[in-house]
Amino acid sequence: MRHPSPASKNHKPSSNLIMNGSVRVRVIRTLLAIQNGQSLASVLDPLLNSLHDGDKGFAHALLLTTLRQWHALARLLDSLADNPIDEVEVRTTIQVGLVQLLYLEVADHAAIHETVEAAKEVGFAHATGLINAILRKVAKNPNKFRKKCNKNHSLPNWLAYQLKQDWSEQYDALTQGLRQSAPMFLRVNAATTSVAEYQEVLDGAEIETELTELSTGFCLPSASNAAPLTLATTGLRLRQSTAVSALPDFADGIVSVQDMHAQLAAPIIHRALMSKVSADNSQAGLDNHELHILDACAAPGGKLAHWLELLSSEDASVLFHVKQDNTAATSAPTGIKLTAIDNEASRIERIYDNLKRLNFTQTDLAQSSNDIALDIVCADATRWRSTGASKKQYSAKNSGVFDAILLDSPCTATGVIRRHPDISILRTEEDVEQTALLQAEILQNLWPQLKVGGYLLYVTCSILKQENVLQMQDFVSRHDDAAVVAFTEACSWGIEQAIGRQCLPIDREGGDGFYYALLQKTMA
Ligand SMILES: C[S@@+](CC[C@H](N)C(=O)[O-])C[C@H]1O[C@@H](n2cnc3c(N)ncnc32)[C@H](O)[C@@H]1O
């Protein structure tokens, strides 16, 4: 292989990945598969499952660290070689060697010897002299080369350039932050137990955590003249990441792994929905009606499950920590019709798995006190229309069917590079354009399906403005019935944008890069 194949957005099957040989050989083959367009998610398990337990930790660290430092290592390699090295296999092998010397504290002789042996095993015996020479040179002065490697970013140049344009003030911290690993956060199922109780269980299992509370930026109207009530959502941050299987009661659905900034989506859309219920009740004098809500890009169901946890919890004060002693309440709806769509059948399977673990099967939900009817549909959100409404009806103004829409949009996922460092290899500049067009199409198709007074929460895990604030500005400029709902000053997350807020993966609480914008549909 002389040139990396163009990166593909699709998660190609990893069936052709040969998993034999030493740990380093397997890691090198995995990295080659990623450069050929396969995602880390599709190749990580085959790699780890092919190894003895004792080797898994090293293989995982070697693979993930090489990916996180990939572009910086490539630049270092270019500066070390007398002549350009074209062969991808040779470059990959040397980068794996460099990671051991510079980041993983593997003893020099083991790092060099085993990496040279790996080169022979992958069929590049002719390059062993070159590999040996470069690694020895680095091993003589690792501090100097580590400093050199760490000096700049470890991103493709197009992405670094765009981040500089979008986040000049945060650029250095951001590009360095994206080279780090991300903390692990837990979401406790509010329908089953409290965060404090589960934290005690974790203490008992000697898993240390700290509470992370984010104010959603929503205020409930106060019944008295007191200040409005600020609502917060609380997750647990692990001091040290652990295997999911080590989390007490995980299999019983008490807890889920979810980034802290991702944990904002469900509370925000849920609270917006409750505001609509409250407004509808006071206007029409109704206290009892069916709600139709939509999770438009739902798989694998992380935010959907969170929303279901909130919807099926009976006591609102369990869902959110009300910061003042006041009990202003919104009426709970009776009968909720929740539709979840996604266009990838294999990812929809993961929704079913997740919901089953959390005891949210369709039967469980139908029997819950809020009588939730869940409909999961494999469909393209650029064209899908809710059944029961004609095209003509949707083209008419003010005739939507949904009270609230959560649109966790497909995006470049540049905000989660710390967790998925393969993104910095697979994503291309053209993907940004394509993705922004797809997002605009989805928005365009869903907006008419929202009722007047209903809310749409637009979410991405991107840190590129084109997919976020610029996308929203473009949308709002073309829809005179779209009102921007500002998050209040009480908001404890993200950076205020012209529309919405942007979390960067360098924020104090350690969450990923997410963008949130909330729109309400008004009479045009
Ligand atoms: C950011 S992920 C959603 C994550 C999910 N909300 C969660 O919290 O677990 C975006 C999803 O959009 C889906 N998607 C991409 N294009 C789509 C389309 N045209 N129609 C529907 N879903 C689409 C992808 O399959 C992917 O599952």
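For all residues, glycine too, the Cβ spot is worked out from N, Cα and C.
Per TrEMBL, S-adenosyl-L-methionine is bound by Cys297, Ala298, Ala299, Pro300, Gly301, Gly302, Lys303, Asp342, Asp380; the candidate from Asp259, Asp403, Asp408, Asp422 named for the same site is Asp408. Within the set Cys297, Ala298, Ala299, Pro300, Gly301, Gly302, Lys303, Asp342, Asp380, Asp408 that the record links to S-adenosyl-L-methionine, no two Cα atoms are more than 19 Å apart, and one pair reaches that distance. Counting other Cβ atoms within 10 Å of each Cβ, the recorded positions Cys297, Cys461 show the lowest value at Cys297. Gly301 (S-adenosyl-L-methionine binding site) carries neither a helix nor a strand DSSP state and counts as coil. Averaged across the domain 'SAM-dependent MTase RsmB/NOP-type' (174-522), pLDDT for the predicted model comes to 87. The Cβ of Ala299 (S-adenosyl-L-methionine binding site) lies under 8 Å from the Cβ of Asp342, Glu344, Arg347, Ile348, Arg350, Ile351, each of these being in the same chain and 6 or more residues away along the sequence. According to DSSP, Cys461 (active site, nucleophile) sits in a coil region rather than a helix or strand.
Gly301 (S-adenosyl-L-methionine binding site) sits 15 Å from Cys461 (active site, nucleophile), taking the C-alpha atoms as the reference points. For Asp380 (S-adenosyl-L-methionine binding site), the same-chain residues 6+ apart in sequence whose C-beta sits under 8 angstroms from its C-beta are Asn343.
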